[in-house]
Structures are given as C-alpha cells and as structure tokens.
Amino acid sequence: MFTLQNNLFYMANTNLDSITYQITYQLKIITTALFSYLLLSKRFTKTQVFSLGVLLFGIVLIQIDESASESISRKSDNGNQLIGFGQVILASVSSGFTSVYLERIYKADGDDTLLIKNLQLSLLSIPISMINVLLQDSDTVSQHGLFFGYDGLVLTDVLFNALGGLIISLVLKHHDNITKIFSTSVSIVVTFVLSVFLFEKRFNEHFMIGMVHVFISIYLYYF
C-alpha cells in the first residue's frame, strides 16, 4: 500500500501545479485522523479537531511559498488536473488507512518483536517494488545492473530512510499516527530553518505565520 501511495503521489505531482499539489497533499492529515477514529476508535475533542485544521493551514502556508515559483513555469491542463486530483485523493486515503492499520499491527499483542514485524512487512513490499523497477527502469537495469548509480551519497540516503522507518515504527507502537503527523510537521519547520543557515534561504511571512500555526496546533492538541 505504501508503494502504491508513493507512486500515486508522484504521478499527482506531475499532473498538478506545485501549489495545488502541496495543498491537496495535506489531505492525508485529515484521512489519518479519520481512520484513527474508524479503525482504532480514537476519540478527539473539539479542540483537538480544530488543532488539526490549524496544523493543516500552517503546513500549507510553509510549503506553498516554496512551490510558487515552480508553479509559474509548470502549468497543467484541466484534464491532467482532474486526473491529478483523483490520484492525490486516492493516495491520501491510502496513506491514512495504511498508516493507521500499520499502527494497529504494531500495537497488536503477540510474540513477534518490532524488528520482526518490520522485516515481515518489508518482505511484502519487495516484489511490488521490483515490478515497479522493471516497468520503469528495465533498460537501465539490463545494461548497468540493479545497483547502478549507488554511490556513497545514495547509500547514506538509503540508510537514513531505513533509520527513519524504524523510528516511525517506534512512534506508532508507543504513541500514535497523530504524534507522527505533528513530528513530521515540526521536522518541516526545522528543515526550513536549517536551510536558511546552510543554503542562504530567507525567512518570509508565509513561513513565519505557518510556523506559528504549527506550534499553536501542538499546544491546542496536547495541552
């Protein structure tokens, strides 16, 4: 399911302009909360529901400014936009359902450790990923091999992604998907701040207002 949703998000990004994509992409916040209610019987107070709306608005503000310049040069026709909307909605529903169901698996009673559960889940995704590689990059693989281009930087990226997956599994087991959503939102803020110092990016009013909304949403949800 994660492989499916990643491909849907990728295709939606090619069919929608950047601003529209960033706004609709955040629907996964809503679908995750909805499936937490439906599958895990998680109850939200009115303040917590409101805080998720505040978070959604804040994240959109932070990311929309980064996408503005790209969207000027990348326009989509109405047909592609309709397809893109469908893809991002399907991906958001898939993201919400899969994340919550994964949380349910991690929290289920049983003798399997978290590491074993992760290994079992990864084995299921390998055939799907291999089919995707064969469909998209069969020529490159046949000419240069499966690991063509795997330099130190790529391997480092793979390592950090793997570690990130393990951390997420710990968060889902001991907390929940809502905590993961807030953590991801804070990481977006931190990444932007670091890029200001490392890559001479500039703070702007969209980011400042969005950052305030993110931290207000955290306060409203947890306190």
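Glycine is treated like the rest: Cβ placed from N, Cα and C.
For 20-40, 47-64, 84-102, 114-135, 147-172, 181-199, 205-222, the entry in TrEMBL reads transmembrane segment.
Listed as Cβ neighbours of the transmembrane segment (114-135) (distance under 8 Å, sequence separation of 6 or more from its ends, same chain) are residues 2-4, 7, 102, 105-106, 141, 146, 165-166, 169-170, 173.
Nonlocal intrachain contacts for the transmembrane segment (181-199), taken as residues 6+ away from its ends with a CB within less than 8 angstroms of a stretch CB, comprise 29, 32, 55, 58-59, 62-63, 171, 207, 210-211, 214, 217-218, 221. Across 47-64, 84-102, 147-172, 205-222, stretch 84-102 shows the highest tally of CB pairs under 8 A with the transmembrane segment (20-40). For the transmembrane segment (205-222), same-chain residues at least 6 beyond its ends with a Cβ under 8 Å from one of its own Cβ atoms are 47-48, 50-52, 54-55, 57-65, 178, 182, 185-186, 189, 192. Within the same chain, residues 19, 22-23, 26, 29-30, 33, 178, 181-182, 185, 188-189, 192, 206-207, 209-214, 216-218, 220-221 sit at least 6 positions outside the transmembrane segment (47-64) and bring their C-beta atoms closer than 8 Å to a C-beta of that stretch.
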